[in-house]
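J.: Annotations for this protein, taken from Swiss-Prot, read as follows:
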BINDING   78, 89, 91, 97  Ni(2+) binding site
């Protein structure tokens, strides 16, 4: 992979804060941190456009005693077999469950599936976390 050197102008206090944070995180150098930021910027743009294939997780916490939430969750997961790769179910206590659903597919469709799951009655909290499949990243 060919590397290109370029320069940027940045306020000194912003750079000082950036250097402090990347040192705390453990980056070996500024260049690797900048590369990660650029990759993240590209991935977020792909989500907004919605055409690119993404991977991610939909994490939800729900009360399994409330209504038909368990049946609705299972029905939705079976409806999207091509996009839902796997799921992990954890009993948090006697009433609450945590479900982590691994997904892969077109960004728009993954967002739509997450919206459907997160809006189910009985779901207390949830979050979609998307990332790249890695195919297009350098």
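One-based numbering along the chain as shown.
Glycine too: its Cβ is placed from the backbone N, Cα and C atoms.
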J.: I'd like the number of other C-beta atoms within 10 A of the C-beta of residue 97 (Ni(2+) binding site), please.
T.: 20
J.: Three-state secondary structure of residue 78 (Ni(2+) binding site) from DSSP?
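T.: In the DSSP reduction, residue 78 (Ni(2+) binding site) maps to helix.
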J.: Which number gives the other C-beta atoms within 10 angstroms of the C-beta of residue 89 (Ni(2+) binding site), all protein chains shown included?
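T.: The answer is 12.
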J.: Among all protein chains shown, how many Cβ atoms are found within 10 Å of the Cβ of residue 91 (Ni(2+) binding site), not counting that one?
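T.: Residue 91 (Ni(2+) binding site) is surrounded by 10 other Cβ atoms within 10 Å.
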